[in-house]
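What Swiss-Prot records for Glu242 is active site, proton acceptor. Swiss-Prot lists Lys296 with the feature active site. Look at Swiss-Prot and you will find Cys349 tagged as active site, nucleophile. Swiss-Prot lists 201-425 with the feature domain 'CN hydrolase', giving sequence analysis as the kind of evidence. Positions annotated as transmembrane segment by Swiss-Prot, on the basis of sequence analysis: 12-32, 34-54, 60-80, 88-108, 120-140, 142-162.
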Amino acid sequence: MRLLLFNQNAFLLACMFVSSVYVNAVLDAYAIENPYISITLTSLLAPLSMLAFLKTPRNSAFALGFFVGALLFYWCALSFRYSDFTYLLPLIIVLIALVYGVLFYLLLYFENPYFRLLSFLGSSFIHPFGFDWLVPDSFFSYSVFRVDKLSLGLVFLACIFLSTKPLKKYRIIGVLLLLGALDFNGFKTSDLKKVGNIELVSTKTPQDLKFDSSYLNDIENNILKEIKLAQSKQKTLIVFPETAYPIALENSPFKAKLEDLSDNIAILIGTLRTQGYNLYNSSFLFSKESVQIADKVILAPFGETMPLPEFLQKPLEKLFFGESTYLYRNAPHFSDFTLDDFTFRPLICYEGTSKPAYSNSPSKIFIVMSNNAWFSPSIEPTLQRTLLKYYARRYDKIILHSANFSTSYILSPSLLGDILFRKRS
């Protein structure tokens, strides 16, 4: 019997499943910014993820999940390049793939198309080890379809009728279902004037230099240079990426410089904060009125926290995070910043792609700060933007994103209207 792991059909189905993500990654790589190209390709390819999910036989379900896990999340292992455990990189990719192999085996256990419909819609609620980046709904972020569960359910039903029902009347029903899922308001652009005077910084600080103390002076000079440039453009707020200042800012003389400069321009910067023996991944907002601080609430699994039982957690923290007394801790709740009459929620990298940050928030505007140097080059920035766009459309939010080693941008809650800021040379 042929090994399921090397099932060629399962690999092709996995490629169908992730095709919309990879096509957008290619568009990003070649800086193709015409939105209609992305919308057209995504609208055609995103339903293929449903078709692959629908058509995979149960005996290929594990193989499908294995390949999907590897294709979508191989980049998680790339952070090991900056550790003493580089040799574990292939093993980590295989372990990730195995987890999603098991998950897809369960999701596709029954071949009934209506069971597959429910399991597809429910898959975004299942987060292995707290990692919530498998959101198939987000594949439709740049499509002409609405991204709520009901609309995606209609698209899945259309796939059922168009692929399994031979009679013409069922084909007509399938087309009508697709029409019912269209977002007829999607081509209306949202008003982004309120965020038009914000400078989003894209930095290019290599990860292997970021925490090198000998490089700190260059980082400080680059920050000051960006602030002065934003002042010359008469911007009211400048946003830097996650850990743009890579040591505890509260204990640094550099904090006083930022406080002085904030008399003329507000400064939002990602940095670290210590409290006792606790280490926080934080954002600081400097303005002429005050300094506001928000700590990260949702920590990245295996990067900042070990989502494992305590008897495994402690030795693994010691192994991978070292003997340091300091360990990452999270804030108990999200915070919103107020700047004059402008209120927004700051989010740091991983938590910016998590549903809890958006679902119960009164804020209309979100500012996400990321350090994507850990995973460069990879599809991670594209997958991140796909998720952020999904939450922007799903919850009617404006999302601003400042990143290290990837594009910074403003995402509109409508299909059109995004503004991308390419990395500076």
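Placement of Cβ uses the backbone N, Cα and C atoms for every residue, glycine included.
Its Cβ taken as reference, the residue listed as 'active site, nucleophile' is surrounded by 27 other Cβ atoms within 10 Å in the chains shown. Same-chain residues lying 6 or more positions outside the transmembrane segment (60-80) and placing a CB less than 8 Å from one of its CB atoms are 4-7, 9-11, 13-15, 17-18, 21-22, 52, 86, 88-90, 92-94, 96-105, 107-109, 133-134, 302-303, 374-376, 378-380, 383.
The average pLDDT for the domain 'CN hydrolase' (201-425) in the predicted structure is 93.
Panel annotation: around the transmembrane segment (88-108), residues 53, 56, 58, 61-70, 72-74, 76-78, 80-81, 116, 119-120, 122-123, 126, 128-129, 134 of the same chain, lying at least six beyond its termini, place a Cβ under 8 Å from a Cβ of the stretch.
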